[in-house]
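J.: According to Swiss-Prot, the protein carries these features:
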{"type": "TRANSMEM", "residues": "60-80", "note": "transmembrane segment"}
{"type": "CARBOHYD", "residues": "142", "note": "N-linked glycosylation site"}
{"type": "TRANSMEM", "residues": "207-227", "note": "transmembrane segment"}
{"type": "DOMAIN", "residues": "210-501", "note": "domain 'ABC transmembrane type-1'"}
{"type": "TRANSMEM", "residues": "247-267", "note": "transmembrane segment"}
{"type": "CARBOHYD", "residues": "281", "note": "N-linked glycosylation site"}
{"type": "TRANSMEM", "residues": "330-350", "note": "transmembrane segment"}
{"type": "TRANSMEM", "residues": "353-373", "note": "transmembrane segment"}
{"type": "CARBOHYD", "residues": "403", "note": "N-linked glycosylation site"}
{"type": "TRANSMEM", "residues": "455-475", "note": "transmembrane segment"}
{"type": "DOMAIN", "residues": "608-866", "note": "domain 'ABC transporter'"}
{"type": "BINDING", "residues": "645, 646, 647, 648, 649, 650, 651, 652", "note": "ATP binding site"}
């Protein structure tokens, strides 16, 4: 019993003696309530007093800093935990109790909201609904957890920013030609431009995160310096056998571990958070140009650098390369900032111990080894870029196989695809192995220099002050020498570690250079294509030669703005119809107007009833009465035009010009089109958005949020499906409505059903003008007849592109493109002698083919007999 009572008394006596001998504070009669205030007041008094013993004052300062950091850590943790508890209690009160004994709420479908300023608010689910299996009856039931949604504010797009940044990217290469190569760094100039995207202003959140990271880096360096001193003091007390001092230092060790651990975790968290924020800024910047109304994502294929791996595998560039660039940027910053801060702090402290000569010798060693490593550093940036390009090729080929799996299966192309995939995989493995092989020799040299050479020299520099002091005084104090050696050794190791990480960062910078160049190339191309003066990849040298020849013939000076000379056609928007006048249909290429010409001087217009003309005509009829409200097309006359011709003659190219995704090269060419809301295009290949509902497919390109915001209802879509004979789709699913069903509609629907969905889109959007390209080639004859009559019944103005003469009966005008691919064409009204003659010629051609059927069958029989003999 006495032993049990003696233990607390001994512990109390030990604590009282620690306060008395270590910091000179007597706490015998102090109550716990006033203990903390008394301790802080006493420590502040000692740390400020010049009369106090230096050792006592140093201990007081260490305790104050440790208590402050521990208090900050504890306060932040308690505050965050309290906030979370209050938030949980509020949600528990607001939702479960309020909704008890009520019917379950309808699932929220709205994902974003457009503000008047152009900004958007998006709601992103954080926790997905999962299915849980009941342990009692093996029945699946939906989880009761509701989806947590995070509110994200997306600022409106500022086109002025992109117009300004376009010149920044353009001037980088121009500055390289102006400046001397000695003072020019391609990497630094590219990073300088990209940094304006990553951190737009000093008031940006990323700048605050960067400042916080620098603060914690400095804090970690100071803590490392303090731990080094404390380590030497602990070793000294152990050798001297001072038990009380050892216990006191050990308590300080455990106390300082709290802010040190918090600092290390905070640095990692801030680095990851900063990388994600950089990725958000860069991705939004890319998306604003890539997914713009100027159709940058399509026009990229015509840029001069379209064959570059960055643009050819642009999906890999936007996803993987951006992520790698942001991670590498934050990693390199941390790997450079921390060693630099360490070098400054440790050098200042070591200067007092080693002297100026010792610190100078350390830095001379750093510069020599840095020069050696820099000289033998392999081109890791170039190799990283090549590896990323090979990775993109391999990924895209697999993606192409997924998108065309059915076609490959029909062709039995497994062997060919396997060979190609194996070849791309071997190339990828070769690139990855090449990087590892190149790193092998460099890593061996790096380890020898940084780990062993620097450690050996560290022992030499750490022992210099001890040896010199012993020789000078003739006194050998083992305790003092041991403490100084431990402190100097630990600081030297930390300094060597800082230097080695600084040398390691040379390799990281080399890899970052490759990622930076790829991202900069991507943004440069996007800016060029996004520009209003994009010339579709026309090469200036070809244009200048052509311009000089033309100027020489006309005795004029050549113009210098070649980009403006490439595309010289005129586009008139918000026109009450579709008009093409004297337009040369030319495939976009580096030769611009000197490229492959498909159709010469194409001229037509709907919905005006014009006289039959041919390609020999210079212009269409006078449009001075275009504003007359009595004209048929202003009242929805249902004018129609059929563009007829063989494969490869340029029919679909006409649609591309009307949609403004192909340019008008010739100077006297005029394109007049209605506003975007009054024209609708149906391409050859029906498109279905991935992961969307049936409602999303019908209303495309309108979003579901806009659909409900504008007051539309599902019953209108049901009526449209009835009109296009697709109402049976609604009976496939079970539940409230099949319109909410999510499926891979591209594979679920047949070819004819997908084309009828296109007509459903026309019925929903109700445009004044529709351009259809082979929109019924997968539909039966009776359904085709019904759909075209549906367009005529609702008085749509439409242009059909086809190679089947059977569609002539549904149109008023016929534009026939020659079969000889000489660029000739003929426009005529259906029912005229020319149109009837054209139809008769088609019928005669079909009859001649039918007469040869018997001969073809005989040839097939003979071939089968020969094959049986073989």
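The backbone N, Cα and C atoms fix where each Cβ goes, glycine too.
Worth saying up front: this structure is predicted, and the values here are computed from it rather than measured.
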J.: Apart from its near flanks, which chain residues at least 6 from the ends of the transmembrane segment (247-267) lie with a Cβ under 8 angstroms of it?
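T.: Cβ under 8 Å, 6 or more out: 14, 18, 22, 59, 62-63, 66-67, 69-70, 72-73, 212-213, 216-217, 219-220, 223, 226-227, 230, 233-234, 237, 334.
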J.: Which has the fewest other Cβ atoms within 10 Å: 647, 652, the binding-site residues listed?
T.: 647
J.: Excluding 645, 646, 647, 648, 649, 650, 651, 652 themselves, which residues in that chain have a Cβ inside 8 Å of the centre of the Cβ atoms defining the ATP site?
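T.: Neighbours within 8 Å of the Cβ centroid, excluding 645, 646, 647, 648, 649, 650, 651, 652: 598, 653, 803, 817.
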J.: So if I exclude everything within five residues of the ends of the transmembrane segment (207-227), which remaining residues of that chain have a CB under 8 angstroms from its CBs? That is, six or more out.
T.: 62, 65, 199, 201, 253, 256, 259-260, 263-264, 266-267, 270-271, 273-274, 277, 333-334, 337-338, 341-342, 345-346, 349, 490-491, 494
J.: Please work out the number of neighbouring Cβ atoms within 10 Å of the Cβ of residue 281 (N-linked glycosylation site), leaving out its own Cβ.
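T.: Around the Cβ of residue 281 (N-linked glycosylation site), 18 other Cβ atoms lie within 10 Å.
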J.: Would you mind checking how many other C-beta atoms are within 10 angstroms of the C-beta on residue 649 (ATP binding site)?
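T.: There are 25 of them.
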J.: How big is the gap, in Å, between the Cα of residue 648 (ATP binding site) and that of residue 403 (N-linked glycosylation site), rounded to a whole number?
T.: 25
J.: Where's the emptiest Cβ shell within 10 Å among the binding-site residues 648, 650?
T.: 648
J.: Calculate the distance in Å between the alpha carbons (Cα) of residue 645 (ATP binding site) and residue 403 (N-linked glycosylation site), and round it to a whole number.
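T.: That comes out at 30 Å between the alpha carbons.
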J.: Counting other Cβ atoms within 10 Å of each residue's Cβ, which of the binding-site residues 645, 646 comes out lowest?
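T.: Relative to the other binding-site residues in 645, 646, 646 has the fewest Cβ atoms within 10 Å.
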J.: Within the domain 'ABC transporter' (608-866), what mean pLDDT does the predicted structure show?
T.: 80
J.: Relative to the Cα of residue 281 (N-linked glycosylation site), which of the binding-site residues 647, 649, 650, 651, 652 has the closest Cα?
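T.: Nearest candidate: 652.
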J.: What is the separation, in Å, between the Cα atoms of residue 651 (ATP binding site) and residue 403 (N-linked glycosylation site)?
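T.: So the Cα of residue 403 (N-linked glycosylation site) lies 26 Å away from that of residue 651 (ATP binding site).
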J.: To see if you understand the setup: which same-chain residues, six or more apart in sequence, place their Cβ under 8 Å from that of residue 403 (N-linked glycosylation site)?
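T.: Looking at Cβ-Cβ distances below 8 Å from residue 403 (N-linked glycosylation site), excluding near sequence neighbours, one finds none.
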